[in-house]
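Q: Residues or ranges marked as active site, proton donor/acceptor by TrEMBL: Glu136. Per TrEMBL, the feature substrate binding site maps to Cys90. Taken from TrEMBL, the feature Zn(2+) binding site covers His107, His109, His193. The domain 'Class II aldolase/adducin N-terminal' annotation in TrEMBL covers 21-220.
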Amino acid sequence: MSNSAESEALVRSDDPEHPANHICTLCAKFYNLGWVTGTGGGTSIRHGDKIYIAPSGVQKELMKPTDMFVMDFESREYVRKPQMHKPSACTPLFYAAFKRGAGCCIHTHSQWAVLVTLLVERDFGPDACFEIEQIEQIKGIPKGRGKVGNLGYYDRLRIPIIDNTAHEEDLTESLEAAMEKYPDAYAVLVRRHGIYVWGDNVHKAKTQCESIDYILQLAVEMKKLGLPWCAK
Ligand SMILES: CSCCC(=O)C(=O)COP(=O)(O)O
Ligand SMILES: [Zn+2]
């Protein structure tokens, strides 16, 4: 897109739920939860045929709508590219979630997520997975893509764990492999790094991420108390 007025229009709106505004307000909230401190983590939103992406290496809680990159979903070309920055290194990972029908993807560096990946370290390898059941908050997570409703109290929540890589974008292949292997998952943990959580829309991605973070914190405390995550 060569016309700068058109490019500007993509990020200027009075609607607080316009993705350029929404990413900024969400990241400010997530900063206060310890999810996106020190420039780590982030959020991306799909809006029709456009994807809104934050810049890389910036304080995510201080971003402005005009800082946003905008990518065309089909061509994967940028239709808005602020000169000062590069797009988030998480972009190919967010894109993997959008290809699976997500409307929003959140990446956090939550310490609870990191700790859980260390607590299941004994299962290190391609099959590593965090599993928990009989916790009320599990009901905040959908059963799976194309399935109706959320998990029940007696259902088991499974979140696959992939190994970290030196560069964020190099996680893409293993994230996509985990998505294939666990088609019902709405989240993937990254060992010693954090978590990616996605949802059909912004509201669902946010509430699912909150539910999962709550469960991960609980899981760490349960482990400290010697309490099992699953009944059997
Ligand atoms: C200190 S953060 C290291 C990079 C990272 O893991 C991350 O999530 C942020 O990447 P971005 O390119 O969006 O700044
Ligand atoms: Zn990260």
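Each Cβ is built from the backbone N, Cα and C atoms, and glycine gets one as well.
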Q: If H, G and I count as helix, E and B as strand, and all else as coil, what does DSSP give for His107 (Zn(2+) binding site)?
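A: DSSP assigns His107 (Zn(2+) binding site) to strand.
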Q: Including all protein chains displayed, how many Cβ atoms other than that of His107 (Zn(2+) binding site) lie within 10 Å of its Cβ?
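A: That number is 31.
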Q: For a quick check of packing: other C-beta atoms within 10 Å of the C-beta of the residue listed as 'substrate binding site', how many?
A: 24
Q: Name the residues of the same chain, 6+ apart in sequence, whose Cβ is under 8 Å from the Cβ of the residue listed as 'active site, proton donor/acceptor'?
A: Tyr153
Q: Round to a whole number and give the Cα-to-Cα distance in Å for the pair His109 (Zn(2+) binding site) and the residue listed as 'substrate binding site'.
A: 12
Q: Please give the average pLDDT for the domain 'Class II aldolase/adducin N-terminal' (21-220) in this predicted model.
A: 96
Q: If you run the three-state DSSP split on Glu136 (active site, proton donor/acceptor), which class comes out?
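A: Going by the DSSP assignment, Glu136 (active site, proton donor/acceptor) falls within a helical segment, counted as helix.
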Q: For the recorded Zn(2+) site formed by His107, His109, His193, which further same-chain residues have Cβ atoms within 8 Å of the site's Cβ center?
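A: So the additional residues around the site are Gly40, Gly41, Thr108, Ser110, Ala113, Val114, Val190, Gly194, Ile195, Tyr196.
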